[in-house]
Amino acid sequence: MTATQPAAGRTPVRRLAGLLHRRRRLRLSLLLTAPLLWLAVLYLGSLAVLFVSAFWTTNSFTSEVVKVWSTDNFHALLTTPVFRQVILRSIGVALAVTVLCAVIAFPLAFCTARVARPRWRPLLVVAILTPLWASYLVKVYAWRLILSQGGLADWMLKPFGLSGPGFGLPAAVITLTYLWLPYMILPIHTALEQLPANLLDASADLGARPGRTFRSVVLPMVLPSVAAGSVFTFSLSLGDYITVQIVGGKTQLIGNLVYSNIELNLPMAAALGTVPVVVIVLYLLAMRRTGALSSL
Amino acid sequence: MRLTRTLQAAAAVAVLLAATACGSSDSGGPSASTGLNPPDLKAQSKLGKTEGQVNLIAWAGYVEDGSNDPKVDWVSDFEKQTGCQVRSKVAASSDEMVKLMKTGEYDAVSASGDASLRLIASGDAAPVNTDLVPNYKDVFGDLKLQAWNSVKGKAYGIPHGRGANLLMYNTQKVKPAPTSWSAVFDDAAKYKGHVTAYDSPIYIADAALYLKATKPELKIKDPYALDQKQFDAAVALVKKQNPNVGEYWGDYLKEVSAFKSGDSVVGTTWQVIANLAESEGAKVKAFVPKEGSTGWSDTWMVSAKSKHPNCAYKWLDWVISPKVNAQIGEYFGEAPANSKACAETSDKNFCTTFHAGDTAYWKNIAFWNTPIEQCIDGRTDVKCVPYAKWVQAWTEIKG
């Protein structure tokens, strides 16, 4: 055994391993080159191209991109009423979806994390995740059927003398809420699961009623997770344009404007595309202050 | 520390926005090319050896090799006969077709009238020598050398098929039966929330066509040649229609489902959608209203940068050969361009249903064309509104 050891040290693989072990910097750079290249070139690079092309213009007839520097697109973005309206509507939809998701997810996560018996909990988490296994389009088209005239929504509301929302903005908000709900439940579930039971006991011992315990103990500890979940629901809703096409009736969101401009006026589409990027960066900065990003 | 960085970022964004808001409109860009003065390109004078390959851009259903449905295949025989391997790319819109043609990687395209003039003007499409397409002689006369497939008597493509944008309504919910486009414009409020329209800027022409009949004082001659005043009137009409619209349709399956469920009860449609909805049990009827209608007529064009022009010409001839033209017409749901195709359809009434040879029927149809600054109805004293402005207006109409 001892005789073979030095011999093994001379094989190329061993030598390489030794080299990498001794030179930490070499090891690190080899490990990081590929992912960093991906991040810098493909990810940040394409964002940079997007931003730069937003300053170009197009030939009005052939719609060819003319590479002449101009800020007209951003000017149009800020001064055209329809763009402002659509941008505000998109942000409103993203906020509404986020709030709805949080309101629905909290009791659900409380159920799966604290009320249900421990051996049921993993199964419940799986049940929450199952919608993510189905295709996005299938789910949205299912909602189209549910919300259509005489569909499930109409049928269920009929005994109360009501009718479903039909296709439109509310339908889009409902469908997006359904789509992104698991992304909100999971972080809240994790936070509630990790909540030490003795804190709740201590709160009760000190005479706090359940409501007070919830407000003063549970909520402050879980809030960063809600914020973390909201990053998903907010950004996913802000970028979506397919759901609104299928169930949104005639509603337009930023994504639809990008889509309708991409063929004829690429620079305008790029300018529109920077809006969600800026909004989400601002949102992330705001969320970072809550400590949400460290609990992702 | 954190707060200051956030503030810094916000300040940076604010400065950027302020800079863009102030420093605008000083750069007019290079002068936009106006009017239709296509580059002087020469059509091929004779056919050479085929190149073994051809790259096509087409509407869904135009180039079928059996991969979607084994029974629907007119590409395999073409490949066998000519030795040209077909590679096709399905485009979802006219705008996408224009964009793909600019890459120069494709040899031929099935362009609709709202794309063809753009391709001609930018020099992306070459003139076509119709003598090299033997089947061209059997094409219906009223499809040859039209405004959307020729310039100054020079053919730029081979007519492929045509269809009208019809008015479809739910026979149970829309009473009395409409006879005019007013059902979706002036009287649309009756069916508030259940009116539908085609989701494309070219739909503004439908409003212009209606105004042409109802507002003679606007003097609209051609719904694709609108001066600013006429255009504003058409846009105002579509804006007035918008509150009554339930949804705009882009893909035809969406419209079939909306008419089946009753979410849409009246609106524009294509013959193929009406047939499909009816076969699936919807109580609908589609017809050309008394004002006439808009429609499309597709043209196979050859790229000016084609690397396989001989195969492209072979394809042009193949696609309008009676049998293939009939197959495509029946599969896609449009009137074939070749007069002899009517004898080859599997449904013997097909050409009657789709009015293939009915010259009087097509007289009432204003085929899609590309609006350009130079009015295509011949007026020279005014400038017409170009398509780019139509696109902007469409975004504003939808709000």
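Just so it is clear, glycine is given a Cβ too, placed from its N, Cα and C backbone atoms.
Pulled from TrEMBL:
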- A:30-56: transmembrane segment (TRANSMEM)
- A:86-111: transmembrane segment (TRANSMEM)
- A:87-287: domain 'ABC transmembrane type-1' (DOMAIN)
- A:123-147: transmembrane segment (TRANSMEM)
- A:167-186: transmembrane segment (TRANSMEM)
- A:217-238: transmembrane segment (TRANSMEM)
- A:266-286: transmembrane segment (TRANSMEM)
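Counting residues 6+ beyond its ends, the transmembrane segment (A:123-147) has Cβ neighbours under 8 Å at 108, 111-112, 116, 153, 164-167, 171, 174-175, 178-179, 181-182, 185-186, 189, 242-243, 246-247 in the same chain. Among the recorded stretches A:86-111, A:167-186, A:266-286, the one sharing the largest number of Cβ pairs closer than 8 Å with the transmembrane segment (A:30-56) is A:266-286. Packing against the transmembrane segment (A:266-286) from elsewhere in the chain are residues 47, 50-51, 53-58, 65, 73-74, 76-77, 83, 87, 90-91, 231, 234-235, 238-239, 254, 257-259, 293: each is 6 or more residues past its ends and has a CB under 8 Å from a CB in it.
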